[in-house]
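**Q** Sharing the features that Swiss-Prot gives for it:
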type	residues	note
BINDING	10, 11, 12, 13, 14, 15, 16, 17	GTP 1 binding site
BINDING	35, 36, 37, 38, 39	GTP 2 binding site
BINDING	56, 57, 58, 59	GTP 3 binding site
BINDING	116, 117, 118, 119, 145, 146, 147	GTP binding site
DOMAIN	3-168	domain 'FeoB-type G'
TRANSMEM	226-246	transmembrane segment
TRANSMEM	279-299	transmembrane segment
TRANSMEM	361-381	transmembrane segment
TRANSMEM	388-408	transmembrane segment
TRANSMEM	447-467	transmembrane segment
TRANSMEM	541-561	transmembrane segment
TRANSMEM	586-606	transmembrane segment
TRANSMEM	615-635	transmembrane segment
């Protein structure tokens, strides 16, 4: 079977992801370029006995060295191993896209042109003469549409053309050199694009869609209440995630509890039963049960992104962000931080100003990622009535964003002083949501979450279980055996009373063994550090394990609080939390989780993006001080108010 490697190149917002998913019917696989923290996307498929690998390069307007995307794309085109270039252009904005196409043609590599969003161009009255365009460029041009299965156009034809072009014996396998554009060269490419566009676009009638966009923008982009509309959307998303996802979550909790109890009742070996029931199922199950809430959150944010609304919010907030030392482009990394800090850190590469980029990097962690959502849901459900849970959750996220702005201003005034840059960004058109893209977004992110639960969260839960079980206390075990013997010999007690008494003795033994374990001994020292907020050793230990992954906080608590009557765990041990943790401590714990250092993977990504290990040390100090200070304030404020 012959192998074909394709470099997929195009400007931002031309639908490359939609096209690549339509071609492959698969999900993109993420891989890192060596030494650069920018993602490339790879997908493989088989077509007519050819193994085709498509490499989706970062969206770029030109092959210069101005932005990281441009550098990465240019570097791959010069040094990467590929057979041909598939240039994706937006049919509704052909002239602007052809400037990049003209530059790609100068590489002398085999090339195809995909005229994407062809259906939208037709609706807008734009008619493109593809034969004339192919003649002018000297490459095959294929109209494509990939937003949905119903509207899919020419995907098979495009694959046929890829195979045909590859089969031609004109491959240039030598490394090429793409020179950076001077102003004169940029002007040449722009004039060439303008000339070709005028030749091939035979009709361009304005239609009602432009008027509709203008009317929608007058409302959503209003300079006074536009921000409140955005906050309203976010409030609805968070409320629905608690309302809809919460019901499914409780069903999952019940299922995991039933499974855990069944194993502990039917497995004879007590340690093995505890490992599987409390360690594996209790730890991993506590994490997996929060997936429905995360799915609803991803769904809401994906809808806002695919309609083109999120990019407009960046413009809407540019003035506010500049006042706090940030840039309008900072909004995209910040809002991405609600999903995961890793891609959020990577998204800062669009910021050209060094100081603004570092400020954004330092405050992204205050935007609560989806991994923290299970912790919030657990504690909000424990200390607040269900009727107000959605509002409290919304306030948590808003507070994180407000603190991020305040800290950004402090960093701007103290550490990262300098001039700000103006904001130039393409405004995409409003579009109906692509349900296929929304599905792919939710699917891939949910799958990533489940993979975490099945890998290092599982490992973390098992490690926490072992460290919480060993070493056993010989003295406690000896006392337990003696007292159990006395209870069994006591003829004055009924069988029910004996069973209850033995259960109390077992609970006491478990508590003593836990305090004598590795976790218990380490937690005793950590408890001193967090004593001002009255965190017990279990809460303290969970914060440390949370550095591995924030989801591990819930699984750690699930293991450490798995004592006593297991029937009390009906609501993901919320009842136990209410008994064991005071309201001020619970609120302080939420606040600390909001602001302390992100997970290990995110921290490593931060270090690469910021410029080295010293910045990781700065991040640890910065986030720890902020988290501790605000947690302390929350603790004493709650004590006064409650």
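If you go along the chain as it appears here, the first residue is 1 and each next one adds 1.
From the backbone N, Cα and C atoms, a Cβ is placed for every residue, glycine too.
Map these features onto the structure and tell me what's around them.
**A** Around the Cβ of residue 13 (GTP 1 binding site), 16 further Cβ atoms fall within 10 Å across all displayed protein chains. Classification of residue 13 (GTP 1 binding site) by DSSP places it in coil, neither helical nor stranded.
In three-state terms derived from DSSP, residue 146 (GTP binding site) belongs to neither a helical nor a strand segment and is classed as coil.
Mean predicted confidence for the domain 'FeoB-type G' (3-168): the pLDDT average there is 81.
Same-chain residues lying 6 or more positions outside the transmembrane segment (361-381) and placing a CB less than 8 Å from one of its CB atoms are 241-242, 246, 249, 286-287, 289-290, 293-294, 297-298, 326, 333-335, 337-341, 344-345, 348, 389, 392-393, 396-397, 400-401, 403-405, 407-408, 411, 445, 449, 549-551, 553-554, 557, 571-572, 574, 577, 586, 589-590, 593-595, 597-599, 602, 606, 609-610, 615, 618-619, 622-623, 626.
If you look at the transmembrane segment (541-561), the same-chain residues 6 or more away from its ends with a CB under 8 A from one of its CBs are 278-279, 282-287, 290, 369, 371-372, 374-375, 378, 449, 452-453, 456-457, 460-461, 464-465, 468, 514, 519, 522-523, 526, 530, 535, 572-573, 576-577, 580, 592-593, 596-601, 603.
Long-range contacts of the transmembrane segment (586-606) within the same chain, counting only residues at least 6 positions beyond its ends with a Cβ under 8 Å from a Cβ of the stretch, are 37, 340-342, 345-346, 361, 364-366, 368-369, 371-372, 375-376, 379-380, 382-383, 396, 399-400, 403, 533-535, 539, 543, 546-550, 553, 577, 615-616, 619-620, 623-624, 626-628, 630-635, 638.
Long-range contacts of the transmembrane segment (615-635) within the same chain: residues 358, 361-362, 365-366, 403, 407, 532-534, 584-585, 587-592, 594-598, 603-604, 606-607, each at least 6 residues beyond the stretch ends and with a Cβ under 8 Å from a Cβ of the stretch.
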**Q** Can you give me the Cα-Cα distance between residue 146 (GTP binding site) and residue 15 (GTP 1 binding site) in Å, rounded to a whole number?
**A** 8
**Q** Return the single residue from the binding-site residues list (56, 119) that has the minimum number of other CB atoms within 10 Å.
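**A** Least crowded of the binding-site residues 56, 119, by Cβ count within 10 Å, is 119.
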**Q** From the Cα of residue 56 (GTP 3 binding site) across to the Cα of residue 12 (GTP 1 binding site), what is the distance in angstrom?
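**A** About 12 Å separate the Cα atoms of these two residues.
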**Q** Tell me, in order along the sequence, which binding-site residues from 13, 14, 15, 116, 117, 145 have their CA within 10 Å of residue 57 (GTP 3 binding site).
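**A** If one measures from the Cα of residue 57 (GTP 3 binding site), no binding-site residues come within 10 Å, so the answer is none.
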**Q** Excluding the flanking five residues on each side, which residues at least 6 beyond the ends of the transmembrane segment (279-299) place their CB within less than 8 Å of a CB in that stretch?
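**A** Residues 237-238, 240-242, 244-249, 252-253, 256, 259-260, 263, 338-339, 370, 373-374, 377, 438, 441-442, 445-446, 449-450, 452-454, 457-458, 460-462, 464-466, 551-552, 554-559, 562, 572-573.
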**Q** What residues in the same chain, six or more past the boundaries of the transmembrane segment (226-246), come closer than 8 Å to it by Cβ-Cβ distance?
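**A** Contacts with the transmembrane segment (226-246): 219-220, 290, 292-297, 300-301, 304, 309, 313, 316-317, 320, 373, 377, 381, 386, 389-391, 393-394, 397-398.
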**Q** Hey, which of the binding-site residues 12, 15, 58, 59 is the loneliest by Cβ count within 10 Å?
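**A** Candidates: the binding-site residues 12, 15, 58, 59. Fewest Cβ atoms within 10 Å: 12.
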**Q** Please classify the secondary structure at residue 117 (GTP binding site) using three-state DSSP.
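**A** The residue in question, residue 117 (GTP binding site), is coil (DSSP, three-state).
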